[in-house]
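Chemist: This is the feature table in TrEMBL:
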type: BINDING; residues: Gly59, Val62, Asn66, Ser295, Asn327, Leu392, Asp395; note: Na(+) binding site
type: DISULFID; residues: Cys163-Cys172; note: disulfide bond
type: TRANSMEM; residues: 53-71; note: transmembrane segment
type: TRANSMEM; residues: 83-104; note: transmembrane segment
type: TRANSMEM; residues: 125-151; note: transmembrane segment
type: TRANSMEM; residues: 210-227; note: transmembrane segment
type: TRANSMEM; residues: 239-259; note: transmembrane segment
type: TRANSMEM; residues: 292-309; note: transmembrane segment
type: TRANSMEM; residues: 321-347; note: transmembrane segment
type: TRANSMEM; residues: 367-392; note: transmembrane segment
type: TRANSMEM; residues: 424-449; note: transmembrane segment
type: TRANSMEM; residues: 455-478; note: transmembrane segment
type: TRANSMEM; residues: 499-523; note: transmembrane segment
Amino acid sequence: MTINVHIYSKNTENDSINFTPPASSPAPMDTPMDTPTSSTTVLREQWEGKHEFLLSCIGYCVGLGNVWRFPYLCYRNGGGVFLIPYFLMLFVTGVPLFLMELSLGQYGSAGPITVWKCCPLLKGIGIGMLCVSVLVCLYYNVIIAWTFYYLGSSLQSPLPWSCDHVDNAAICGNASLFCVIKCVNVCVLLSSERVLGVVHSEGLHDPGPVRWQLALCLLAAWIIIFLCMMKGIRSSGKVVYVTATFPYLVLVVLVIRGATLEGSLQGVAFYLTPDWGRLANAQVWNDAASQIFYSLGIGVGGLLSMASYNKFDNNVIRDTIIITMGNCATSFFAGFAIFSVLGHMAWRKGVAVQEVADSGPGLAFVAYPEALALLPGSVFWSILFFIMLFMLGVDTLFGNMEGITTAVLDEFPHLRGNTLHKSLFLGVLCFCFYLMGLLLVTNGGIYWFTLIDSFSTSFGLIIITLFMCLGISFFYGVNQFCQDIVDMIPLCPPWCRRLLLYFKACWVFCTPFLLLVSLCYYMCRVCMFSLCSKAADDKVL
């Protein structure tokens with residue numbers, strides 16, 4: 001195991017953090033971030049290879065949203081036309097903010113809270129990142145628990161959500177002729193009643209008892225997370241060689257299988273057919289911006305934390321381009337795997353594709369499993385699909401958990417120097433998350449899941465990234481920040497310097513402007529929703 005020669009020193013008199021670059025790297029300019037002090041020093045681990053960092057970041061970014069959210073947004077917002085606002089938002093907000101977060105972590109070699117001590121006024125940004133990470137970890141592992149449940153259910157033949165299963169006789173009529181028409185209700189029934197138990201709850205105020213099957217799945221999910229991260233990046237960096245690459249193999253297999261199905265072209269056409277009029281709809285642009293944040297994981301602290309274990313002279317601009325482009329290409333490619341199979345299901349049922357398409361958990365745990373149940377060898381395809389979902393979810397959770405653990409360990413350096421203390425802290429953290437997550441696996445847990453999912457990764461992330469962008473540009477200094485990036489890249493090639501000019505313009509003008517527009521649009525929608533709800537209540541009264 002190699003140790004990063006980056007050292008951060010804690011001054012016990014003024015509690016300030018200063019950063020010292022490695023002697024072998026080009027000496028950075030004299031900034032508040034690199035003034036050495038003579039006090040307690042703490043050695044940091046380092047990725048054993050650049051591939052571990054790239055795979056960890058790709059696995060973190062390429063998550064469940066790439067499979068169940070982007071394809072749905074694409075067809076709902078004008079098909080191929082949606083790629084225009086999507087890539088515009090990517091290059092103006094996504095890539096610049098992604099580079100900013102990676103650069104902060106790599107140059108400062110510190111976590112989301114500690115790194116902001118170069119500008120103490122902005123320390124609240126790191127605390128905000130930590131809060132969002134906690135909320136995301138709470139509900140994200142519940143999705144993995146659902147995946148476990150469905151993966152276990154997929155070991156049965158016939159599948160529990162197929163019309164051939166004995167429990168579905170009353171719904172499907174036990175006749176293959178009627179199954180094609182009626183089995184649309186089976187997956188919905190399995191998801192809402194047999195798995196979630198939502199039919200037994202009236203809302204947030206009525207959570208009901210914990211569903212023990214899901215509680216066991218949630219416990220297994222947290223145990224796996226603990227075991228994979230027990231040794232920090234030394235263990236998680238090895239796991240991602242499998243978890244970050246296997247989903248691509250599954251997607252390729254699903255695309256090939258989908259291309260051979262009757263009606264698949266109908267689904268793909270529905271996915272890509274352009275509707276140019278949708279560009280005039282503000283909601284389309286808002287969906288594009290939200291998908292960029294949701295997919296790239298900006299503002300949560302995971303990227304910053306993983307970059308803090310890089311070598312000082314790693315080319316952060318190159319990594320930014322590789323990761324962001326790979327993430328977007330995966331989202332687009334996943335759409336073919338999803339809609340080719342959904343097109344086949346629509347053809348089997350004799351309905352339009354939009355009647356079987358869904359977004360979010362509804363796609364992953366209702367629509368797509370139902371479509372796979374119609375294929376020969378449905379058990380194999382279902383197992384393959386849910387293993388893919390499990391790995392996508394685990395990789396994303398690695399990054400979120402790394403953001404939390406790195407933030408705490410950097411604030412309490414004595415924990416970092418003791419392997420037993422680090423493992424004990426991680427174990428306690430996972431156990432606490434498990435106990436809090438039990439609320440989300442009750443009969444009414446889906447209501448709490450939806451509440452956290454709706455508000456933790458939208459409004460909060462816009463606020464955090466807006467202040468991060470403004471803080472770096474106008475408090476720390478955008479010119480100094482660009483120089484810091486140049487200092488990290490030995491023999492900085494001309495194309496990197498030219499790109500930095502573009503990123504500089506984005507950080508100062510374009511990105512803050514679009515973030516403000518997105519924030520205003522979000523606030524307007526919330527206000528309109530509140531007014532409509534109040535008007536509806538008054539009408540009832």
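Numbering starts at 1 and runs along the chain as it is shown here.
The backbone N, Cα and C atoms fix where each Cβ goes, and this holds for glycine too.
Set these features in their place in the structure for me.
Modeler: The Cβ of Leu392 (Na(+) binding site) has Gly59, Val62, Gly63, Leu64, Asn66, Val67, Pro247 as same-chain neighbours under 8 Å, each 6 or more residues away in sequence.
If one looks beyond the transmembrane segment (53-71) by at least 6 residues along the same chain, the residues whose Cβ comes under 8 Å of a Cβ in the stretch are 47, 143, 233, 236-237, 240-241, 243-245, 247, 271, 291, 294-297, 302-303, 306-307, 309-310, 314, 319, 322-324, 326-327, 330-332, 334-335, 337-339, 359-361, 363-364, 388-389, 392-393, 395-396, 398-400.
Cβ atoms under 8 Å from those of the transmembrane segment (83-104) belong to residues 74, 77, 115, 279, 284-285, 288-289, 291-293, 296, 298-299, 303-304, 307, 316-317, 319-321, 323-324, 328, 332, 465, 468-469, 472, 481, 484-485, 488, 503, 506-507, 510-511, 514-515 of the same chain, restricted to positions at least 6 beyond its ends.
Taking Cβ pairs closer than 8 Å, the transmembrane segment (125-151) reaches residues 64, 111-116, 195, 213-214, 217-218, 220-222, 225, 299-302, 304, 361, 365, 369, 382-383, 386-387, 389-390, 393-394, 396-397, 400-401, 403-404, 407, 433, 436-437, 440-441, 445, 449, 452-453, 456-457, 460-461, 463-464, 467-468, 471 in its own chain, all 6 or more past its ends.
Below 8 angstroms of C-beta separation, residues 141-142, 144-146, 148-149, 152, 195-197, 235, 394, 397-398, 401, 426-427, 430-431, 433-434, 437-438, 441-443, 445 of the same chain, each at least six residues beyond the ends of the transmembrane segment (210-227), sit close to that stretch.
Within the same chain, residues 4, 44-47, 53, 56-57, 60-63, 65-66, 69-70, 86, 89-90, 93-94, 97-98, 101-106, 108-112, 115, 126, 129-130, 132-133, 136, 233, 316, 324, 327-328, 331, 396, 399-400, 402-407, 457-458, 460-462, 464-465, 468 sit at least 6 positions outside the transmembrane segment (292-309) and bring their C-beta atoms closer than 8 Å to a C-beta of that stretch.
Within its own chain, the transmembrane segment (321-347) has Cβ neighbours under 8 Å at 54, 57-58, 61-62, 66-68, 70-71, 74-75, 83, 86-87, 90, 94-95, 98, 248, 251, 254-255, 257-259, 261-272, 291, 295-296, 353, 355-357, 363, 367-368, 370-372, 374-375, counting only residues six or more beyond its boundaries.
Sequence-distant contacts of the transmembrane segment (367-392) (same chain, at least 6 residues past either end, Cβ-Cβ under 8 Å): 59, 62-64, 66-67, 144, 147-148, 150-151, 154-159, 161-163, 183-184, 186-187, 242-244, 246-247, 250-251, 253-254, 257, 261, 338, 341-342, 344-345, 348, 356-358.
Long-range contacts of the transmembrane segment (424-449) within its own chain (CB-CB distance under 8 A, at least 6 residues past either end) are made by residues 137-139, 141-142, 145, 196-198, 200-204, 206-211, 214-215, 218-219, 222-223, 225-226, 229-230, 401, 404-405, 408-409, 415.
Long-range contacts of the transmembrane segment (455-478) within the same chain, counting only residues at least 6 positions beyond its ends with a Cβ under 8 Å from a Cβ of the stretch, are 96-97, 100-101, 104, 118-119, 121-122, 124-125, 128-129, 131-132, 135-136, 139, 290, 293-294, 298-300, 504, 507-508, 511-512, 515-516, 518-519, 522.
Counting residues 6+ beyond its ends, the transmembrane segment (499-523) has Cβ neighbours under 8 Å at 89, 92-93, 95-97, 99-100, 282, 286, 289-290, 317, 458-459, 462-463, 465-466, 469-470, 472-473, 478-479, 481-482, 485-486 in the same chain.
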Chemist: With an 8 Å cut-off on Cβ distance to the Gly59, Val62, Asn66, Ser295, Asn327, Leu392, Asp395 Cβ center, who else from the chain surrounds the Na(+) site?
Modeler: Ile58, Tyr60, Cys61, Gly63, Leu64, Gly65, Pro247, Thr330, Thr396
Chemist: Check each residue in the chain of Asp395 (Na(+) binding site) that is at least six apart in sequence and keep those whose C-beta is under 8 Å from its C-beta; list them in sequence order.
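Modeler: Asp395 (Na(+) binding site) has long-range Cβ partners Ser56, Gly59, Tyr60, Val62, Gly63, Val240, Thr243, Ala244.
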